[in-house]
Amino acid sequence: MSDEPTAPSFRSDVTVELVRSAAADSDVIWSARVSTAGEQSLEALQQDPEKSRGLINFLMRDRHGTPFEHNSMTFFISAPIFVFREFHRHRSGWSYNEESGRYRELEPVFYVPSEDRKLVQQGRPGKYEFHEGTPEQHRTTTGAMEAAYRESYARYQEMLAAGVAREVARAVLPVGLFSSMYATCNARSLMHFLSLRTRRENSAVPSFPQREIEMVAEQMEEQWAQLMPLTHAAFEKHGRVAP
Ligand SMILES: Cc1cc2nc3c(=O)[nH]c(=O)nc-3n(C[C@H](O)[C@H](O)[C@H](O)COP(=O)(O)OP(=O)(O)OC[C@H]3O[C@@H](n4cnc5c(N)ncnc54)[C@H](O)[C@@H]3O)c2cc1C
């Protein structure tokens, strides 16, 4: 095994993988129909959910939220720590497990914004607009970030080599470091997350999320929409408000 320090690497993307799911439009329908059909609502499992598009739309429009909770999706997400810090504010209907900086040596993978990431912020809090950065601003940003990342990771390794505990040494690592986690949710908690962490013209209540958590949200939404297309369409139709 080599004693050479690991060289930092830099990424501009985030990844989201749906690792496990039990989630379908029919789950919404049978759980809603118990209201009127009792145990016979299970028969709805065999029916074509297309026939129940109207029921799903009604539930979404009138914000009958609980039928959207009888399903589960687990995502494996790799993103910078500053994204997870925002992510973990979502408490209701979410379970998280993240890699540990106490039990393992953290890999030197760091976030740098891509060339199309808007760099310049104008306006006031709550009303910010973001504009393209100049090539010079991009060079400054990438240069500053990479230099800071290299320095902090070298100091981290210096402490580990001196026998300092990982949980102490990690204090020098920045929030641009990549981490990974499992996040499990249901369609209702996911819709609440998407309503806050995506920016869309058709949102009844607009939100202004940081671009990097929106990149995660977009990938989650795409994968969820394939599992529950009628629920996703109703979410879109009714202004992207979680029921
Ligand atoms: C654009 C944007 C900017 C933000 N800026 C900041 C910031 O500057 N500083 C900051 O600290 N946070 C900030 N946040 C985080 C924000 O305050 C919320 O913590 C985050 O969006 C999670 O929302 P939530 O509490 O609705 O979600 P969840 O925790 O998932 O809760 C879902 C819903 O459950 C109900 N609920 C959950 N817990 C309680 C409770 N204890 N009491 C009553 N009802 C409850 C509420 O109806 C809530 O909407 C920001 C979020 C966004 C989207």
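Each Cβ is built from the backbone N, Cα and C atoms, and glycine gets one as well.
Counting only same-chain residues six or more apart in sequence, the Cβ atoms lying under 8 angstroms from the Cβ of Glu98 (FAD binding site) belong to Phe84, Ser179, Ser180, Met181. Residues or ranges marked as FAD binding site in TrEMBL: Thr66, Arg89, His90, Arg91, Glu98, Asn186, Ala187, Arg188, His192.
The feature dUMP binding site is assigned by TrEMBL to Glu86, Phe87, His88, Arg89, Glu98, Glu99, Ser100, Gly101, Arg102, Arg170, Arg197. Taking Cβ-Cβ distances under 8 Å and a sequence gap of 6 or more within the same chain, the neighbours of His88 (dUMP binding site) are Tyr96.
TrEMBL lists Arg197 with the feature active site, involved in ionization of N3 of dUMP, leading to its activation. Less than 8 angstroms from the CB of Arg197 (dUMP binding site) sit Glu86, Ser207, Pro209, Ile213, Glu214, Val216, Ala217, each of them six or more residues away in the same chain.
If you draw a 10 Å sphere around the CB of His192 (FAD binding site), it holds 19 other CB atoms from the protein chains shown.
Counting every protein chain shown, the number of other Cβ atoms lying within 10 Å of the Cβ of Thr66 (FAD binding site) is 12.
Within the set of binding-site residues (His90, Arg102), the lowest number of other Cβ atoms found within 10 Å of a Cβ is recorded at Arg102.
Recorded residues Thr66 (FAD binding site) and Ser100 (dUMP binding site) have their alpha carbons 34 Å apart, per Cα-Cα distance.
Taking the Cα atom of each, Ala187 (FAD binding site) and Arg102 (dUMP binding site) are about 33 angstrom apart.
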